[in-house]
Each structure stands twice: as structure tokens, then as C-alpha cells.
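Below: the structure, in C-alpha cells.
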Amino acid sequence: MDKLSIQSGGPLAGTVVISGAKNAALPILMAGVLAESPFVLTNVPSLRDVDTSCKLLRCLGAEVTQDGDRITIDSSRIDHFVAPYELVKTMRASILILGPLLARFGTADVSLPGGCAIGARPVNLHLHGLEQMGAKIEVKEGYIKARVDGRLKGAHIFMDMVSVGATENLLMAAALADGVTVIENAAREPEVIDLANCLVAMGAQISGIGTATLKITGVERLNGCDYRVMPDRIETGTFLVAAAVTRGRIRCENADPSSLESVLAKLEDAGAEINTGDDWIELDMHGKRPKAVNIKTAPYPAFPTDMQAQFCVLNCLAEGTGTITETIFENRFMHVPELMRMGANMELEGHTCIVHGVERLSGAQVMATDLRASASLVIAGLMADGTTLVDRIYHLDRGYEHIETKFEGLGGKVVRVK
């Protein structure tokens, strides 16, 4: 099994090109099922989860071709409506096939999902919303079995809690429903906006995009389109934090500053000079050690949970004491014991991590426990004396495209080893 070997070096410096957003690409790939003509997606990152999504679509009978960052989907021959356990167990986003299959074909059997081990992430919001639209659903033998006679019906859905995945599933289902669907307390994440914009390009009628109330007037058919996936804001944030921790200066190209305002504000609080353009972000620490910051995760536009682990590392090496409070997922501090093995001074109190900054960490063999935690360990290794060996990096490969190559391009000593 591959590992990453990391050695400390100087400050990161240079330019990194940001990949397309995994969390936008996955739902948009599933939306290809809704199209009655070929659908072309560009700026798609080369990731394990993307490959799994393509396998799932092929398993249903769709024709999928991958050419670099371009994926073409022809769903006209879909004749199979089961998303099997073998594929779904490795990727939570597989649940997003449920809405499109049910809306277009009236039937879907989807295995209960797997993916990152960071808490329950219940699917009941997805199921309850689809039931309000007329679906008959039972969970049996590890599968969600959903059926509808004719088309789904428009409904007024109030979501008990903000859920990105449930918003996306219901948005896709409503696009082909009969009548008007209103989703209240909808997620406002940029990736939800990207999916909605893609659906509009396919012929969907959606208003309120980017707000907490989405109104979808169902249409009888959706067509394929050419669509470019938004830049990955979490990858962007990860490289910016790595540069801040190493007291460096970097430029992120193919980035979207408007999707990262809460993160950029915290980096400025930490002492970084930030400059932005339409599609680039520059960070310069001027050789200074970052200052500790206080973080509280919450749904967009507040601070993203997917950047929490990276800021834990920033605080580990910062001047002063900072607190990180996690409000989205339980069990999302699994990186803390690994960082403590490297010499971090941290303590957990419920959903809050109190971090006292130290000058340097010590290299150690550590284990990645989930996608973003593994990125935090790589950043820690860049400021640790000796060698850091990160095990279980298949988590990293699920969400970061060629991460070691990109770090090497910035001067980081990060090497993949067997």
C-alpha cells in the first residue's frame, strides 16, 4: 500500500494550478443520468471517487468515456437500476444516484453508502424529501428501494437541518418532477450552486440559486450540455494553509476567491497578506510565523468543516493558543492523536480542540483516518524535524489530484513510496 514520505524544507513558494472540485464533479456526474442526449463535463479531477462514479454509471448501462479532464456521458441506454454495494461502499456520494434514477426511470435500488468514517451522516433527509414527492421507499437488506408510479410530484420540502447531499439529491429529482418543488433551508454551498447552474444549462427551471430557498419547476425532459466544473475550494484552501504554515508565498491559479471568503479572512487573521483576482489567489507570509486563530465550523457561507483539520495544523505551529470547534460532524478530530504523536500540544473538550502552538513538530509514522485529516498530516510533515511517513493515503487519493507532484512543484519534499 502506498505511503507519503515527507521531509521538512524551506517555505513553500511558486504557483499551483487548482483542479476541478471533487464535491461539485460527483453530483454533476450523477446528473448525467437525467440527460436524454450526451453530456460533456470538463475540468474534472483525476480522482478515485470520480473513477468510482464512472464505474457506477457504466454499471447502470450508461456509456462513459474519460479523456484527461473531460468526461462524456451517454445515458440513453441505461437499463439497470441498481447501485451495488461493491461500488457504493467506497463512496458516500453514490447516494446521489438515487434522485436522478428515480426521477427519470421511476425505480432505484441503492446500497446504503460508505466513504469517510467521520460520523453518521444520516440519509433520512434524502428519503423523507423523496417520499414527500410521492416516492415509495423501503430500506431492506442493506438497500434503499425506491419506486414511483409515473413522475415524481412537486412538493414543499422543509429540511430539518442543512444538508448538502440531500439538497443535491432533491434538486436533481425535482428537475424532472411534475409541478413545482420548493426546498426550504437548502444548502448554499458553492458546489450546490454549481450543480444548479449545470441543471439550468440542461434545461431545468430553477430560481433562488445560492439562497436557502430553491424553487424548481419540473420539466418533461433534460438535454445534455457542455459544462465546466468549478475549481476546488478545499484543495485551494489546503495549499494556502500549507504555505502559511511554512511561512511561504504561493499563487493558486484556476481558483475562485469568492467561494473561500471565510477561509481567506482567517488566513489574514493569522498574519497572511492575501491578494486576489477573478481566478487566482496569492498568499504571502513574509517569512513570519502564523498567529493562532479561533475557528467554528458551520454551513456555508461560514467556515467549512472540510478545512478544519488543516487549520488545526496551522494552530499547532502558530504563535499563541487557538480553539477549533466542530459543529457539523461528530468524530471529526481523528487527526488530533496523530498530530500529538508528532509533538503537537492539543487537548479535546467535547466538540472543541484547544491548540497551543509550538515552534516545530517531530517527524513520525502517522495514519490517515479520513480525507481532510490526511491532508493535515502532510502539512504537518512539512514543518516537522526528520521524516514523516503518512500511511493509508488512499484517503488522500479520493480527494486530491497528484498532491505530491503539486507540493514538489512548490518546493515541498513529498514523495510517494511503496
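Using N, Cα and C of the backbone, Cβ positions are placed for all residues, glycine too.
These come from Swiss-Prot:
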- K22, N23: phosphoenolpyruvate binding site (BINDING)
- R92, D306, I328: UDP-N-acetyl-alpha-D-glucosamine binding site (BINDING)
- C116: 2-(S-cysteinyl)pyruvic acid O-phosphothioketal (MOD_RES)
- C116: active site, proton donor (ACT_SITE)
| request: List the Cα distance (Å, whole number) between R92 (UDP-N-acetyl-alpha-D-glucosamine binding site) and K22 (phosphoenolpyruvate binding site). | output: 13
| request: Do me a favour and check the Cα-Cα span between D306 (UDP-N-acetyl-alpha-D-glucosamine binding site) and N23 (phosphoenolpyruvate binding site); whole Å is fine. | output: 11
| query | Could you tell me the C-alpha distance between K22 (phosphoenolpyruvate binding site) and I328 (UDP-N-acetyl-alpha-D-glucosamine binding site) in angstrom, no decimals? | reply | 19
| Neighbour-count leader, CB within 10 A, binding-site residues: K22, R92 | K22
| said: According to DSSP, collapsed to three classes, what secondary structure does D306 (UDP-N-acetyl-alpha-D-glucosamine binding site) have? | reply: helix
| task | Provide, as an integer number of angstrom, the distance between the C-alpha atoms of N23 (phosphoenolpyruvate binding site) and I328 (UDP-N-acetyl-alpha-D-glucosamine binding site). | result | 16
| remark: Per DSSP (helix/strand/coil reduction), N23 (phosphoenolpyruvate binding site) sits in helix
| Which chain-mates of I328 (UDP-N-acetyl-alpha-D-glucosamine binding site) that are at least 6 residues away have a CB under 8 A from its CB, listed by sequence? | T297, A298, P299, T305
| Maximum Cα-Cα separation in Å among residues R92, D306, I328, which the record lists as binding UDP-N-acetyl-alpha-D-glucosamine | 16
